[in-house]
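Record features, source TrEMBL:
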TRANSMEM  B:20-39  transmembrane segment
TRANSMEM  B:51-71  transmembrane segment
TRANSMEM  B:77-95  transmembrane segment
TRANSMEM  B:102-122  transmembrane segment
TRANSMEM  B:128-147  transmembrane segment
TRANSMEM  B:168-190  transmembrane segment
TRANSMEM  B:219-241  transmembrane segment
TRANSMEM  B:253-270  transmembrane segment
TRANSMEM  B:276-298  transmembrane segment
TRANSMEM  B:305-323  transmembrane segment
Amino acid sequence: MKLVFALQARGISKSFFGYPALSNVDLDIRRGEVHGLVGENGAGKSTLMKILAGVYAKDSGFVRLNGEEVDFSHPVQAYKAGISTVFQEFNLIAERTVAENIFLGREPRVHGFVSRREMTRRTEALFDTLGVDSINPAVRVRQLSVAQQQIVEIAKALSYEPRIISMDEPTSALADHEVELLYGIISRLTARGVSILYVSHRMREIFDLCDRITVLKDGQLVATHDAAELTEQELVRLMVGRSLSALFPPVAPGTTVGEVALELEHAGNGLVDDVSLVLRRGEIVGMAGLQGSGRTEVLEGISGAAPFTRGFLRLNGERALIRRPKQAIRKGIAHITEDRKATGLTLNQSVMDNALAVIRSTQPSKAGKARHRANQLFLELELAARGPDQEIKFLSGGNQQKVVLAKWLLAEPRIILLDEPTRGIDVGARHALYSVIRSLAAAGHAILMVSSELPEVIGMADRILVMKDGRLAAELPLGSSEEAILQAASGVSASEVAA
Amino acid sequence: MRASTALGSAPRIFSSTTTIVYLVFFVVLLLSTVIAASAGRSFFTQGNISVLLTSTTVLGFVSIGQTLVILVGSLDLSVPFLVSIASVLSAGVMAGQSANMASGIATALITTTLIGLVNGLLVGFVKINGFIATLSVGLIVSGYLFSNYRGSTGKAAPALASLGEASIGFVPVMTIIMFLCLVATVALLAKTRVGLHIYAVGGDPAVARMSGIHNAVPIIVTHSLSGLFAGIAGLVIVARLGVGSPGVGEQGGYDLLSIAAVVLGGAVLAGGRGSLWGSLGGILIFATLDSVMGIMQLNPYLKDVVRGLIIIMAVAVYARSSIPRTTFRFPVASEGRRASVSTARGEL
């Protein structure tokens, strides 16, 4: 009897540090189908994928592969059992060749010696299967484009002769014509009976590719449906599944939009150009746009990390020149960066050392007093830590972000730039951060918030700026729809987006 | 014919950086010839070439091991002490008797290989940083040496001593042996799994682990081989001097010189990138400099100034010529900037 399902997972649960990331999730993948896995950020898609890939161990539940129960403790076990994974972060060594990367750890040998000829031959065979002929197996991976690297990853996944390939946001770095190439590769794979678990945020791809769709929300299974049964609106409703007002607190009482705090006029820094915008006290301005559209670079221009070289920047109506972050800090600008671990925190230092980092470098004479104020802020922000001396790497993402906020608030900024403020933060902690942001606006700060999550931008911002290709593409009012933002961000009409 | 030849197929043995290493070498050689000639002397005398090759041999052996260790992402600071301990142990066991030659060589090489293995275990399993682990092991060996040996000790077997003086044409036999070891190690790197894994672990330990490699294995293999080659270097010294000496490795400064030669040869100190041919080029550059400065009878301290300047200039050239065109996952607008960050990190 031939089994219909390549994979059956039942009752999968996983928590991190006591926070449940997945609870009791079921997943069935049929042979040769493309199975979409969708949900908002933090819904548990990546966790589920990493459990199937052997990166994380599940807390409970079981996984059957072709009817046999499997339990992985190392990614290689998953590969060997027939589940290959193409992660969002590439697993390639830049200095090694394409063929060496694909067969890393399993290099073919002839008479005990690694055979490059055999390795090249098999690599070419893999590329033939994928219908790709534009990648030389002997080229170093660092010489390839992102799209080519993606193909190498898929070829590597295919080299294990998997029954299932899971792909995490495989198109997030690809241009449109490259996405077409990926579609072709996927249809070739499914024709061979390989199943694809496809994780993506992009509705169009989900509906173009997937036979069935599983929706996760807050770590729980919402439903699995045939793609043909669903409309896009229905899918979005399943994904969001709660009114935005529950997650996003209302405007704090006493918030008044006041005078202009910052103004950019035709500003540019080589990364973005001709950006004109106004931030007012008490106002939260959202900034949306696709990856690489220049959102982060606008913030970096303002904060001096990548200073503007063209146009004007005015603070409280007066022209200001900001060439270095230190000058921006002294002028009352705080920049909460996108990559908390790399540029927001020094992970092996204490909570207090991290909180005092800005004040120590810009106003060292106030550092003593700031210590007291920092402890107050920790209380106000309801920081959950064992104490100010705990190393920050042991805190959850939400609490780490609170320390980053405390660090900047100690410098008493008037303008706060937030870049993806809730990235990697679970839903409960998000709500707390949103409340903090609201109260900062109420206290008269001007806030510019970049986010990739449209519900967040829509739920929090008083106005929405949309970036596209390094320029400001649109300014949308309160209450704009996701479609309107997407349209401005991608430059296609609303009907195309929906199609 | 694959369409991507536009990308250029990566040459397997001589990477572009290695080509530049040899260009630098030929420039140094040319300048040396001109300088020697301007002082009315000739650089290309048989005697001078012999001296030049001899001086490459000891550093050559040490640098083969050092290259492996640097490729895997570690360092070996214990090499000078391993050179010394090999010299005193072998000379001590041989005691001037050719009959003892084999046992003397075996004692020395087994000892240094085992110490290399300890280095490897400390780095690979105990996960102590390579710099710290080999520095500490080096200190321990150094303490043992100076508490048990005073001045020169033992005597080389006559057969070993004559091997040290033998040459084919103007090329010393020891140099030929060094070259054969280098070729064998090149084959190890290119044709065995562990060789490829050395590059993988040095290039990205996380990716290597995800691909099912036991990262400790290449680390232990490279450190053991570094011990072995440092031991052979010690034997070459015994063959030449006729006696063992507890301070001979330190006097040679083989730890920093070998690291400098490897870096001069285009390897990246962080690991994953470099080649033995490059390291050989680095050694030849140093030997040529030493030789011409000897001919010109320069102040020996000035030598170090020149060496230092050459390293800075060469590595600056490599950094410019091999800007990694790594494409990052979400780069588009900020690609240029991140690439330059990675250059700064990856190329020293």
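From the backbone N, Cα and C atoms, a Cβ is placed for every residue, glycine too.
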Ask   = Are there three or more C-beta pairs under 8 angstroms joining the transmembrane segment (B:51-71) and the transmembrane segment (B:253-270), sequence spacing 6 or more?
value = yes
Inquiry  = Six or more residues beyond either end and a Cβ under 8 Å away: which residues meet both conditions relative to the transmembrane segment (B:20-39)?
reply    = 264-266, 277-278, 281-282, 284-285, 288-289, 291-292, 295-296, 310, 314, 317-318, 321
Key: Contacting positions for the transmembrane segment (B:77-95) when only residues 6+ beyond its ends and CB under 8 Å are counted   = 58, 62, 65-66, 101, 103-105, 107-109, 111-112, 115-116, 119, 131, 134-135, 137-138, 141-142, 144-145, 149, 153-157, 160, 226-227, 230-235, 237-238, 241, 243-250, 252-255, 258
Query = Where else in the chain does the transmembrane segment (B:168-190) make close Cβ contacts, counting only residues six or more beyond its ends and a cut-off under 8 Å?
reply = 12-13, 46, 49-50, 53-54, 56-57, 60-61, 64, 67-68, 71, 196, 198-199, 225, 229, 232, 236, 239, 275-277, 280
